[in-house]
């Protein structure tokens with residue numbers, strides 16, 4: 001049929017062309033292909049990187065962002081392109097998905113960022129190709145475990161103040177590093193576990209002979225000493241078990257746990273031996289029961305992270321271990337049967353039955369080869385060789401899976417420990433930096449006041465006290481200094497050199513600046529006496545600085561007559577009005593604080609021009625009843641006491 005169409009079609013076209021000269025009207029135009037007209041080349045701009053593709057390529061998946069009309073919201077009319085402020089590296093994989101229909105996961109990308117990009121473009125991660133899906137799931141699981149560990153640690157730290165006594169005890173047992181007492185108990189129990197295991201081993205060692213009897217082990221020759229050691233160990237284990245049982249969140253689940261069973265098995269032989277009689281039959285059963293004391297070694301799993309990781313590995317590899325056991329059982333039965341019939345005709349053969357051949361098959365498949373049972377016939381030797389080779393294959397196949405799981409769990413624990421250590425170190429560095437920054441600023445401020453005093457007195461230690469710090473630290477100190485001058489409050493911590501004591505003020509707070517400078521001046525004059533001037537208050541330039549927002553003006557609080565409920569909701573600095581002595585008042589917007597001063601109005605430490613900062617700090621009354629307003633604060637002066645200083649406090653971070 002196709003050959004026939006191909007044969008007559010050229011003739012039909014030639015006939016149509018031949019009739020055109022005698023046609024009365026032009027030939028109709030061919031119908032336009034709508035799909036071809038709509039298939040235009042579009043440009044996708046992703047964070048400056050331009051991608052080009054066909055529109056029909058994107059419309060293959062209309063349920064996604066690029067395949068639907070929602071992408072028109074991102075169309076830029078000026079550049080005639082679609083702009084997306086997203087990651088261009090991940091978009092390359094997204095665009096390849098539209099082209100090929102296969103979504104791949106780049107191993108160098110963060111799993112959380114990759115999921116966010118897929119969610120933005122409306123692509124489900126379940127359609128990732130088989131070549132990358134396992135890698136994606138592993139990274140997803142590791143990230144989920146990491147986030148879970150972080151959330152657990154944060155929740156534990158946040159819920160610490162509200163823990164009950166039982167919860168505190170259980171937390172101390174599970175994490176001994178939470179307190180010193182828990183850490184001491186942790187090491188004491190570990191020491192007695194080691195003593196118990198060593199005692200159980202040493203008591204079987206021969207310790208010489210007694211006249212008229214055979215050689216005695218150390219456990220019988222020094223029975224009192226070993227009994228005392230065993231009693232001390234069992235008492236410690238019993239107390240630990242009872243405390244854990246008392247502090248357990250769910251006692252039923254604790255009793256059913258593996259570690260609880262190990263604890264009971266480790267201490268029960270001692271108590272059973274105390275109530276047993278000297279009957280030989282009962283004593284034989286007691287000797288058999290004493291074998292369970294060796295299970296005390298499993299108590300080390302609480303003290304060893306490696307043993308816990310091994311337990312988690314065996315638990316996670318239960319299916320692989322089950323497959324290994326099933327394969328070995330099948331191979332043992334098959335080769336034991338073959339070896340029995342192969343050696344059946346041999347004289348003095350040790351393969352007397354199929355169960356007796358199990359021993360040879362197990363030893364051969366595990367490549368031990370004790371040599372107590374060996375085949376005599378040619379067929380037996382051939383099947384024995386096949387049994388040995390098959391054992392190597394059966395055992396070696398699940399081993400890499402177990403090793404990979406152990407490595408994965410081990411590295412997860414290592415990363416979790418490293419994250420916790422880094423978080424603890426980061427918090428410690430932040431605390432040290434905050435303290436150091438605060439102390440450095442106060443030290444530089446005190447040195448600045450002392451330098452001004454030494455400049456007037458002419459003390460030769462001016463050069464020593466005028467040391468400069470780094471540029472960043474100087475800018476930080478200048479920022480805090482300007483904040484002090486703007487708000488009219490002073491940054492203060494407990495300082496033994498100052499006569500002002502901050503017993504009623506918390507550390508790292510802003511208090512009245514005039515009181516702070518006055519005490520600094522008094523302290524500086526006490527430490528550096530001068531005969532030139534008994535008082536520094538007569539010098540006008542002593543208390544002036546390079547900042548134009550210098551002096552303070554006492555005004556009544558504009559919101560002091562508001563109700564107490566209104567005052568409670570206004571806890572922050574409301575407005576800062578900056579006024580010059582001869583300049584018009586500025587606006588209260590934020591930009592007014594960043595205006596650059598004119599050259600003619602450049603602040604001068606020697607001039608008397610002063611900028612007044614009026615501060616409105618509505619604070620709720622602390623000691624007045626509801627509905628009463630606090631009276632306006634008094635003007636700060638030399639006689640201002642500490643309670644008046646602490647009345648208006650603005651807390652500012654040292655960093």
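Count begins at 1; order follows the chain as displayed.
Note that Cβ sites are derived from N, Cα and C of the backbone, with glycine treated the same way.
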| remark: In Swiss-Prot, of the candidate ranges 472-487, 488-503, 504-519, 568-583, the one given as region 'Mediates dendritic targeting' runs 472-487
| query | Hey, in Swiss-Prot do residue 175 and residue 248 share a topological domain, i.e. the same side of the membrane? | reply | yes
| query | Which one of these stretches, 61-69, 70-78, 79-87, shows up in Swiss-Prot as region 'Interaction with KCNIP1'? | reply | 70-78
| message | Distance check, please: Cα of residue 370 (K(+) binding site) against Cα of residue 131 (Zn(2+) binding site), rounded to an integer number of angstrom. | response | 46
| Per-state residue totals over the topological domain 'Extracellular' (344-352) - DSSP helix, strand, coil | 0 helix, 0 strand, 9 coil
| Alpha-carbon distance [residue 369 (K(+) binding site); residue 131 (Zn(2+) binding site)] in Å | 43
| remark: The rounded CA-CA distance in Å from residue 104 (Zn(2+) binding site) to residue 367 (K(+) binding site) is 44
| query | Are there any residues in the same chain, six or more apart in sequence, whose C-beta is under 8 angstroms from the C-beta of residue 367 (K(+) binding site), and if so which? | reply | 388, 391, 392
| query | What is the interatomic distance between the Cα atoms of residue 110 (Zn(2+) binding site) and residue 369 (K(+) binding site), given in whole Å? | reply | 51
| field | Distance, residue 132 (Zn(2+) binding site) to residue 368 (K(+) binding site) (CA atoms, angstrom) | value | 41
